[in-house]
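Per TrEMBL, the features are as follows:
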- A:Asp86, A:Leu87, A:Thr88, A:Arg116, A:Gln130, A:Asp134, A:Arg283, A:Tyr287, A:Tyr288: L-histidine binding site (BINDING)
- A:105-350: domain 'Aminoacyl-transfer RNA synthetases class-II family profile' (DOMAIN)
2 protein chains.
Amino acid sequence: MVRISPLSGFPEWLPEGRAVERAVLETIQHTFELHGFAGIATRAVEPIEQLLSKGETSKEVYVLRRLQAEEGEEGASEKSLGLHFDLTVPFARYVLENAGRLAFPFKRYQIQSVWRGERPQEGRFREFTQADIDIVGDGTLPFHAEVEVPVVIAEVFARLAQLGVPPVRIHVNNRKVAQGFYEGLGLSDVDGVLRSIDKLDKIGPERVSALLQEQNGASAEQAQACLDLAAITGTDAGIADRVLELGVRTPLLDEGLDELVRLVEAAGRRVPGAVVADLKIARGLDYYTGSVYETTLVGHEQLGSICSGGRYDSLASDGRTTYPGVGMSIGVTRLVSRLLSADIARASRPVPTAVLVAVTDDESRPASDAVAALLRGRGIPADVAPSAAKFGKQIKFADRRGIPYVWFPGDEAHQVKDIRSGDQISADPALWSPPEEDLWPRVTAAMERS
Amino acid sequence: MVRISPLSGFPEWLPEGRAVERAVLETIQHTFELHGFAGIATRAVEPIEQLLSKGETSKEVYVLRRLQAEEGEEGASEKSLGLHFDLTVPFARYVLENAGRLAFPFKRYQIQSVWRGERPQEGRFREFTQADIDIVGDGTLPFHAEVEVPVVIAEVFARLAQLGVPPVRIHVNNRKVAQGFYEGLGLSDVDGVLRSIDKLDKIGPERVSALLQEQNGASAEQAQACLDLAAITGTDAGIADRVLELGVRTPLLDEGLDELVRLVEAAGRRVPGAVVADLKIARGLDYYTGSVYETTLVGHEQLGSICSGGRYDSLASDGRTTYPGVGMSIGVTRLVSRLLSADIARASRPVPTAVLVAVTDDESRPASDAVAALLRGRGIPADVAPSAAKFGKQIKFADRRGIPYVWFPGDEAHQVKDIRSGDQISADPALWSPPEEDLWPRVTAAMERS
């Protein structure tokens, strides 16, 4: 017999945990669709060379091989498939493959598993679900798309608050601000400076200053200016003033500041309090070309970003047309894992069933089946007791699953019992409905229920 | 640049195709939940030895390897993971892993991708979606579970008819009937006889008779009896009479006939016309122990079974407890692929958007954003035009995507236009709603729309 044990990095939930995840996914999907994003799904695999073109994640890729291939039937083309490690690479490929059949700007969402062969740790998994939105244009993409994406994400989390999810802060920066500032300062190793600045939270300003001087060719003054820039946060035009007070000015910096201010001001009107400019955000700025986003769960900042993204001037290109894009990706598994481990959100029951129809004796099972069918026909999730045990045992069966109602069929009059209160009333299966809040399992803040 | 081309066996749909798939999946899931099945999701990978314990599918398994592992960091434990090729193996493992935390009988559904390294062909894919239900007991599982599962599947397809999906016929047989009959006939190589009978549709009765005599130790008369048994179909107790007329009788055969008749009669009451006993069904009878199911789409029989399953006396076992189970698995990708390729079902539009809010000029985009936000807040999917182009161009933008309404914001009065009829009326974004049938994309039979 094969030994059974969980695999580290491949999380699975019990039915009650899956119910929480499902509620989170449905809220995400519903919000994406309200904003006009069309759902697509891409295959789980891509040619390895496609996955490696991004470079730095190459080590995390899972490569596929058919077991049969070991026995000498290996096809050359099949050697080169790997599991996607994000949904951006497959989406870029999908856009190129279907460009002639898509209407641009194309707004799509995609909710799927991705795989990374990383060392598993808290909030970091080998298989996890991402929920992505992207807006992609053919040739051009207006700046307001860079506002729309974080606004949609802020709205997702505003709706998730109903499930008990804490509020989020979306931290934004702009590649043009960083690059324009560093270049204006006389530092040419922009990506190197970004890598050092990215270590701020981990190693603190003094060691970052040392790094900037030792590795990125900065003087002590230049390093201090970089740290001063990184310290700026805000939600209005004041951020531009504070940056300009540092005494650096370039056209690129001006353009970046204009975009950054437009972003936080527009977001401030549409989703107040959710989006804040944070000029120390450096991760991703080496490949994003405009706005960049990171999202923290308030009170759970050490979990890291649960939704990141940014703008690419070239999400994809087929040589003739370049497709700029902007998108964000919610780390659903990281979020749900925390909701469950910290007991933040809970499902009201682990099964969909609202009503358990009792079975009086084996001969009358068809009568119980008929009651359940009537209820289901009216949209009420119903199950039939598995055996004609004593009613007390059938009630216990419902209780163990959190099923709120037990139905007792009768030749003439039926009875339905709310097993929480013990209230039992006569009822007609063609007419009776449970209260709206009992119809389907609900996911709510755990606190509310304790 | 990496060459872009589809991968054979890894199907993907355009947004309009995905909308059809989504509607199919939602109908399946809703029906499963109405019947009290709880949703779970399992990881995509299992230890290879777990995947190979079933034996015959070993050649179809995709094995995973971390790309990094090539460089000498290979962990022994990581060598042995493969992608699951069905949802039954992972479910059996999940049951054993969580037995102490699940309530039995446990009814679960699971809708996920599976992977098989088979040669792709019409209706046969390397990556495809399955939608499974199973009922599993700890120690025992009452026979009525074998009725419930095909009844739920029949109801799924009855609901799918609203999307244009043709009706199905669920063909059922019972391992005990076949085994009891063959043994009563004096044939001991039951699995061999089943393998020969399974070829009936492909090679015809004469060649099957020859096979039975050459390979399975049957006399000409025994072979004829096997063919006579396989020719029996029906939906009531008459099938038992016709089997007994063949002159074979054993306790196991009696038990099997009793179950088979109970199944078709109960199903006939609950889902008339959907379930038929078909004694030539032999596939799967080598590992199922009771009822076995295969489902054909009427008019598309050559597509093969789109939903199969059966009863296992031992779905899983941990040495102390044995878990019997019964389940069926819908081949969602096979079904959807046919719905799309034969233009059976169509989505009313490829985007969720019901209303495109026009933009008068760049300065008034916030006003258009505000209208869209009001509509979304009332549950109406709305998008804002990407540019303040001429209204004619903005209407064309909506038309290309099948968006039925264009909203023209005004300082005092707003207007909304049904771009199909050209009707334009004054409207208040806090009050106006589209007709119910325009609110979300609908999937219907393609014929209805032509």
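Cβ atoms are placed via backbone N, Cα and C, with glycine included.
Note: TrEMBL annotation is automatic and uncurated.
Where TrEMBL records a feature, it is marked here on the structure.
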residue: A:Asp86; record: L-histidine binding site; Cβ neighbours (10 Å): 18
residue: A:Thr88; record: L-histidine binding site; Cβ neighbours (10 Å): 22
residue: A:Gln130; record: L-histidine binding site; Cβ neighbours (10 Å): 21
residue: A:Arg283; record: L-histidine binding site; Cβ neighbours (10 Å): 18
residue: A:Tyr288; record: L-histidine binding site; Cβ neighbours (10 Å): 20
Where A:Gln130 (L-histidine binding site) falls in three-state DSSP terms: strand
Averaged pLDDT score, the domain 'Aminoacyl-transfer RNA synthetases class-II family profile' (A:105-350): 96
Largest inter-residue Cα distance among A:Asp86, A:Leu87, A:Thr88, A:Arg116, A:Gln130, A:Asp134, A:Arg283, A:Tyr287, A:Tyr288 [record-listed L-histidine binders, Å]: 21
Assigned element (helix, strand, coil) containing A:Tyr288 (L-histidine binding site), judged by DSSP: coil
